[in-house]
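Participant: Okay, these came from TrEMBL:
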REGION    1-22  region 'Disordered'
TRANSMEM  31-52  transmembrane segment
TRANSMEM  64-85  transmembrane segment
TRANSMEM  97-118  transmembrane segment
TRANSMEM  154-174  transmembrane segment
TRANSMEM  180-201  transmembrane segment
TRANSMEM  256-278  transmembrane segment
TRANSMEM  298-317  transmembrane segment
TRANSMEM  354-372  transmembrane segment
TRANSMEM  378-397  transmembrane segment
TRANSMEM  409-431  transmembrane segment
TRANSMEM  437-458  transmembrane segment
Amino acid sequence: STMRKRKATDSPHSSTDLSEGKEKLRLKQEVGLISGVSLIAGTMIGSGIFMSPEWVLHRMGSPASSLLIWAACGLLATFGALSYAELGTIIKESGGEYIYILRIFGSFPAFLFAYTSVILVRPAGLAAVCLSFAEYAVAPFYPGCSSPQVVVKCTAAACILLLTIINCLNVRLATSIMNIFTAAKLLALLVIVVGGLVLLANGQTQSFQNAFQNTTAGIGAVGVAFYQGLWSYDGWNNLNYVTEELKKPEVTLPRAVMIAIPLVTCLYLLVNVSYLAAMTPSELLSSRAVAVTWGDKVLGSWAWLISLSVALSTFGSSNGTFFSGGRVCYIAAREGHMPDILSMAHVRCLTPSPALLFTSAMSLIMIMSGSFTSIVNFFSFIAWLFYGMTISGLLYLKIKKPELPRSYKVPIIIPIIVLMAAVYLVVAPIIDQPQTEILYIVLFIFSGIILYFPLVHFKRHPRFLQRVTLHLQLLLEVAPTTRDAN
C-alpha cells in the first residue's frame, strides 16, 4: 500500500535497551498546551512584523489592501496548521513534513526533503534570524552609524552557541525560555497596539482615508506581497516537528493551533493599524525599520524599548526555530536518511544533542560565509513546494483511507484551499519574474539523488563510518533512541 506501515519492532538504528534491556531511551514528553502555544507564537513572531510591513505596503500600494494581505496570510497559516493538525493525529510521530511525506509517499521524496531542510533551509533560516537579533543587539553600541559586520556576525554566532547549550541541556529549560520570551514579545506588541489605539482615539486617521487608493492588483505583486507576509507567519507548523514530545498530542496539537495563530493574526493586524496611525503611507515606505520609526514618533525618549523588544523577539524566535529544526535532523537520522549518530539522544539530558550540534554547525558556516542571503530570499519557494506536497498527502489519506483512526478531522475544503495557495505561491514567481536562483535551488534539491541511491537505497556505507559513530557516542555520551510506538 502507499501508506507505509510502521514496524512492530524498532529497527537497530532507532532503539536500544538500557539497564540490561529493560528500559528504553526516548525523548521526554515535556511540551504541554502553554508551551505548544508559545512554540508556535514564539517562532512566528520574530523580526517579520517589525520589518516586513513596509514591503507588503510597497507591493500592494494602499493601506487597506496591505491589511487584507496580512489577514489573508493569517487565514492561510491557520488553514495550513489545521490541516497539519489532522496529519499529526493520524501519524503521531515527530518530524513535520518529513515524516508525513515518508509515511505517505515513501523514502525517496522524504529523503529529498530532509536533505534540503537539514543542509540548507533550517540552518539558513536560523542564521538569518540570529543575524537579525545581532543587528538589533549591537545597534545601541554604534549610534549614528552602521554596526561592523564582524561584530554582528560574532554576536550572531554567540547567539547560536548559547541556543545550542540551552537546547542540549534540557527540553524544559528550552521551553521555559520560549515561554518567557513569547510573553515578552507579546507585551511589546501590546505596547504598539495600545499606542496605536490612543493615536486613533486622538483622531490620527489620515492614513485610512481613501484607504484603497493606488491599490496594485497584479498577480505577481500580490504573490510577492504574500511572500513578505507569510515570512512573518513562518512557524505555524512547528508543533508538528515535536509531536512525540507533546503531552496528549491528539488534544494539544489542534488546541494550540486554534489559540496561537488567530492570536498572532489579530496582533499583526492591530500592529499594522498602529503603524499606519503613527505614520503616513509614504513615511512608512521610507522607513528601514518600521517599529523603530514608530518608537521614535510615539515613545520619544523611551524608543529604546522597541529596539530591545525586537532583539528579545528575534532571540525567542531563533530559539523556537532551533528547537524544531534540530528535530527534523534527528527524525531523518532515526529513519536511516542521515548518519546514525544524529538519531541519538544524550543519556542523561534526554535531548537530541548530536542533531542540535549538527544544525548549529551548519548555521555557523552560513553566518561565516555570508552567502546565504539569496537562498533565504527564496525560502518561501522551497517551503511552499513541500507544504503543497504534504497537503496533497493529507487529501490522499482523506479520500483513499478514511478508515484510518484520527481524533480530529478538518473539512476537506480547507486543505484544498491550502494546496491551491501552495501551487500559486510556487508557480507565480516563476511565471512573473523567472530568476536563475530558483533553478539553482531546484538543482540543489535533486542533487540529493546522487547521495540517496548509494547511501540509502543500496546502503553502501563507508566502513570507517561505524568506527567514527562509536567514538562520537563515547565523546557526546549519547545512545540510540526508540520512537513512541503509540
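Residue 1 is the first one shown; counting continues down the chain.
Cβ atoms are placed via backbone N, Cα and C, with glycine included.
Burial and contacts for the listed features, if you can.
Facilitator: Below 8 angstroms of C-beta separation, residues 42-47, 50, 129-130, 132-133, 136-137, 139-140, 159, 177-178, 180-182, 184-185, 187-188, 191-192, 195, 199, 235, 278, 289, 291-292 of the same chain, each at least six residues beyond the ends of the transmembrane segment (298-317), sit close to that stretch.
Long-range contacts of the transmembrane segment (378-397) within the same chain, counting only residues at least 6 positions beyond its ends with a Cβ under 8 Å from a Cβ of the stretch, are 2-3, 80, 83-84, 86-87, 90, 97, 100-101, 104-105, 109, 113, 116-117, 120-121, 124-125, 227, 230-231, 234, 237, 404, 412, 415-416, 418-419, 421-423, 425-426, 429, 437-438, 441, 445.
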Participant: List, by number or range, the same-chain residues at least 6 past the transmembrane segment (354-372) whose CB is under 8 A from its CB atoms?
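Facilitator: Hits for the transmembrane segment (354-372): 118-119, 122-124, 126-128, 130-131, 149, 153, 156-157, 160-161, 163-164, 167-168, 322, 325-327, 329-330, 333, 341-344, 472, 476, 478.
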Participant: Which residues, given as numbers and ranges, are at least 6 beyond the ends of the transmembrane segment (256-278) yet have a Cβ under 8 Å from it?
Facilitator: 33, 36-37, 39-41, 44-45, 49, 53, 63, 66-67, 70-71, 73-75, 77-78, 81-82, 84-85, 186, 189-190, 192-193, 195-197, 199-200, 204-205, 207-208, 232-233, 236, 239, 284, 290-291, 294, 297-298
Participant: Sequence-remote contacts (6 or more beyond its ends) of the transmembrane segment (64-85), Cβ cut-off under 8 Å?
Facilitator: 40, 44, 53, 56-57, 96, 208, 211-212, 215-216, 222, 225-226, 229-230, 232-233, 236-237, 240, 253-254, 257-258, 261-262, 264-265, 268-269, 272-273, 387, 390-391, 394, 408, 410, 414-415, 417-418, 421
Participant: Counting only residues 6 or more past its boundaries, what in the same chain has a CB within less than 8 Å of a CB in the transmembrane segment (31-52)?
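Facilitator: For the transmembrane segment (31-52), the nonlocal Cβ contacts are 77, 81, 129, 132-133, 171, 175, 178-179, 181-182, 185-186, 189, 228-229, 231-236, 238-239, 242, 245-247, 252-253, 255-257, 259-261, 263-264, 267-268, 271, 289-292, 306, 310, 313-314, 316-321, 323-324.
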